[in-house]
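Report on one structure; see the data block that follows.
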């Protein structure tokens with residue numbers, strides 16, 4: 001793997017990045033290759049259009065949101081570090097991690113993953129999934145197959161089920177609670193990023 | 001076969017009758033087969049009769065030159081039986097018919113086919129037929145003749161496999177596959193052969209006359225994983241794509257190794273020793289055999305692609321070129337003792353993208369169906385013949401030899417797989433887990449190739465040939481029956497780690513679906529594993545030069561999309577016609593197959609949970625049902641691979657949903673017309689799929705804007721004065737322009753139009769009643785319009801048609 005080292009040296013602060021995200025050098029190189037492949041104009045930064053060029057992503061009902069998640073609010077571009085940091089959420093969780101309360105929560109822990117998913121729902125970043133936001137998501141997932149009326153009742157039902165403090169919105173804690181039985185690590189990990 | 005006649009009909013008695021009738025028919029044919037085969041197995045008499053008959057014929061014609069016969073006038077034969085005239089074709093047809101009827105029969109008995117894999121049943125049938133023939137007192141015909149097998153029965157299966165080989169996963173895992181195929185087979189051969197020799201040398205087994213080289217030869221014959229058996233068994237257990245391609249790829253590529261080892265040991269078994277020089281030559285031979293085979297295949301593939309470029313006027317014979325060129329590739333490779341299997345695979349894989357771009361839609365369907373049909377029949381015949389050949393014998397049963405063989409094969413396979421995986425995992429990003437290793441090891445089935453190779457052995461040179469054959473057959477039976485039958489339950493057992501949840505809350509359903517989409521999206525962003533630069537370069541090269549030569553007309557620019565678009569238009573037209581009678585909801589349960597989870601998760605039927613005050617149970621159920629049936633299927637990245645399902649196009653996955661969405665919209669607006677609350681816009685836009693997708697991506701809500709009106713009835717409001725309308729017309733023009741430039745496209749349109757009686761024309765009129773939203777410009781749409789279509793360098797994901 002002679003190219004690994006040469007590619008690694010091209011990336012600034014790669015040690016820090018690996019420390020922060022937990023990726024191995026092989027993964028970083030792979031992601032860097034992918035980053036460069038997406039970055040058609042070779043500017044070192046990705047724009048929404050670059051993501052939009054991925055065909056299959058265009059077919060994804062929540063493709064837009066996913067792309068949006070890469071860009072910090074107000075920013076038009078994403079650099080390699082941010083790219084990797086976002087993708088680090090999808091690393092499979094390290095099984096044997098001592099529960100050290102003093103250390104910051106690693107990026108790929110269950111909580112962090114859930115937080116990332118929550119932020120995709122919560123577009124206005126107020127910490128709650130409002131009914132309208134939920135409706136939006138449902139609409140994009142169910143598209144044309146369901147009438148608006150049905151969508152609304154589904155949304156109502158969903159909030160009712162999850163909403164414990166009766167504020168007609170789903171907070172992060174409620175979100176987390178409703179998914180306690182689901183194996184998030186399995187659902188939100190990309191195997192080849194292990 | 002995935003096509004199952006599920007006879008859960010309410011008219012149970014009638015189905016019984018049908019089944020009974022069919023079984024009766026089959027039995028009659030069975031009898032017929034036995035009788036005719038019995039009659040035919042005495043060829044000498046047949047030949048004599050033939051010549052006698054021939055003489056008679058000519059005699060009646062009036063020739064007086066023949067001596068020793070007198071012209072006896074007999075009554076004009078109104079009806080006569082001349083079996084030997086048609087004997088050979090008749091028998092062949094009878095066997096084929098028997099095989100097909102057996103296949104039919106198995107699927108009429110649903111329980112049976114789910115427990116026992118088809119291959120086992122077919123072998124049993126073969127045993128039965130052979131037994132019947134023997135009982136009838138006749139000699140069992142040597143049906144699994146090596147020539148017949150290698151020249152007639154094997155090629156269709158391999159061509160089918162090669163033509164529909166999923167290139168991307170194959171290429172991504174090529175290193176692993178090669179390791180298993182080459183190193184694994186070598187290891188197996190030497191391990192089994194060597195240890196067998198050691199065992200034979202042990203006193204008391206009466207086997208000491210078996211020398212080293214014949215043992216090694218035997219080892220090399222029996223160590224090869226058989227593609228036919230693997231295909232037959234694996235297709236029924238619905239394993240994920242990765243494992244399937246690993247085992248299957250290995251079974252294909254180990255042919256070269258087997259050929260070389262076989263010839264090497266066969267050559268020198270007479271001499272009795274192998275010098276190091278021979279080993280070196282053997283290695284060189286291996287390289288020549290494999291690379292030569294691939295080269296031969298590739299050449300024929302390119303020839304086929306080139307020929308298909310000119311077939312636009314003679315569409316009817318297009319499929320023929322595919323078959324004939326492939327078969328010639330196989331035969332040419334066999335002529336030089338190169339690896340015919342690899343030639344066939346290379347030919348099919350190379351020619352496919354270009355040929356598919358050139359040939360008409362119907363020819364493409366024909367090729368697909370013929371290949372599947374032939375390979376199916378071939379496979380059935382092979383297994384039946386295996387059964388018959390087993391009965392035919394001759395057998396020389398030796399407990400030690402046979403049992404040691406079986407045990408050693410298992411042991412060596414396990415050790416080989418585990419050891420190789422250990423090494424391979426160091427280089428793979430996606431590691432192979434223990435479960436994967438188990439499946440790979442357990443799935444190493446032996447089959448008819450081993451038998452045929454054993455059959456080919458010279459009787460004089462190898463006095464223990466019969467013993468070998470017996471051992472080979474036992475090994476085949478063991479792997480196919482024991483391993484084949486138990487692999488499915490074992491897979492299920494291993495895969496079930498989590499308990500199936502009895503019920504899921506609505507939240508869970510929605511959120512898990514959301515997470516699925518999220519994960520799919522992220523995976524797409526990350527790109528497929530194994531993304532290499534050289535693959536990119538290969539694609540660029542392909543696009544720039546090769547496609548220009550091999551694909552007719554203007555189609556090379558956007559061949560697959562245009563072809564695909566046409567196909568979808570037809571489908572859509574049919575659906576439109578059918579949708580008049582109500583539209584079925586897509587009832588597919590989102591089946592999620594991840595790489596860790598081999599088993600497709602089946603969602604259990606909905607169960608009502610605690611009733612909340614506002615919602616009645618009925619409403620709850622309705623919501624659940626809606627969610628279950630309508631949450632969009634996540635594109636199954638690693639869906640279970642099944643050879644017999646006609647391979648779906650890559651774009652079809654999301655496209656189906658898209659079409660269904662359109663359908664829904666059409667139904668919706670049918671309701672609207674009754675309310676006359678609605679303005680029609682002359683249709684959108686049969687534009688290219690990419691544009692549609694891009695548009696959808698930009699704003700899923702923009703395309704179909706539904707504003708919930710106050711009375712709860714969704715209406716679609718269209719603003720005719722919307723700035724989009726001229727744009728929509730523009731897009732129509734743009735596409736038709738693009739279409740018009742393509743000569744080939746125009747031709748194909750014309751040809752298809754003729755064939756389909758103007759369906760295309762109708763479609764332009766009916767069109768898509770999609771509406772642009774009123775109001776502000778849709779930025780996504782503008783992006784669409786500026787997008788000149790799928791850019792050629794964009795195909796990082798699908799270089800060739802996978």
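Backbone N, Cα and C define each Cβ position, glycine as well.
On a predicted model such as this, the values are computed, not experimentally measured, just so you know.
For B:21-40, B:116-136, B:148-165, B:177-199, B:211-233, B:245-265, B:280-306, B:336-355, B:376-393, B:399-425, B:437-456, B:468-491, the entry in TrEMBL reads transmembrane segment. Look at TrEMBL and you will find B:97-491 tagged as domain 'Cation/H+ exchanger transmembrane'. Positions annotated as domain 'Sodium/hydrogen exchanger regulatory region' by TrEMBL: B:588-689. TrEMBL lists B:738-802 with the feature region 'Disordered'. Per TrEMBL, the feature compositional bias 'Basic and acidic residues' maps to B:765-775. Residues annotated as compositional bias 'Acidic residues' in TrEMBL: B:792-802.
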Looking only at the domain 'Sodium/hydrogen exchanger regulatory region' (B:588-689), report the model's average pLDDT. 50
Within-chain partners of the transmembrane segment (B:376-393) [C-beta distance under 8 Å, separation at least 6 from its ends]: 1, 95-96, 98-100, 102-103, 118-119, 122-131, 133-134, 140-144, 149, 152-154, 156-157, 228, 231-232, 447-448, 451, 473, 476-477, 644
Determine which residues of the chain contact the transmembrane segment (B:177-199) at the Cβ level, with the cut-off under 8 Å and only residues 6 or more beyond its ends counted. 170, 205, 207, 210-212, 215-220, 222-225, 245-246, 249-254, 256-258, 261, 400-401, 404-405, 408-409, 412-413, 415-417, 419-420, 423-424, 440
Contact between the transmembrane segment (B:336-355) and the transmembrane segment (B:148-165) (at least 3 Cβ pairs under 8 Å, separation 6+): yes
Based on Cβ pairs under 8 Å, which of the stretches B:148-165, B:211-233, B:245-265, B:468-491 lies most in contact with the transmembrane segment (B:116-136)? B:468-491
Sequence gap of 6 or more, Cβ distance under 8 Å, 3 or more pairs: do the transmembrane segment (B:468-491) and the transmembrane segment (B:211-233) meet that? yes
Are there residues at least six beyond either end of the transmembrane segment (B:211-233) with Cβ under 8 Å to its Cβ atoms? List them, or say none. 117-119, 154, 157-158, 161, 185, 188-194, 196-197, 200, 247-248, 250-252, 254-255, 257-258, 261-262, 265-266, 268-269, 272-274, 341, 379, 382-383, 405, 409, 412, 443-450, 453-454, 457, 462, 464, 468, 471-472, 475-476, 479-480, 483-484, 487, 643
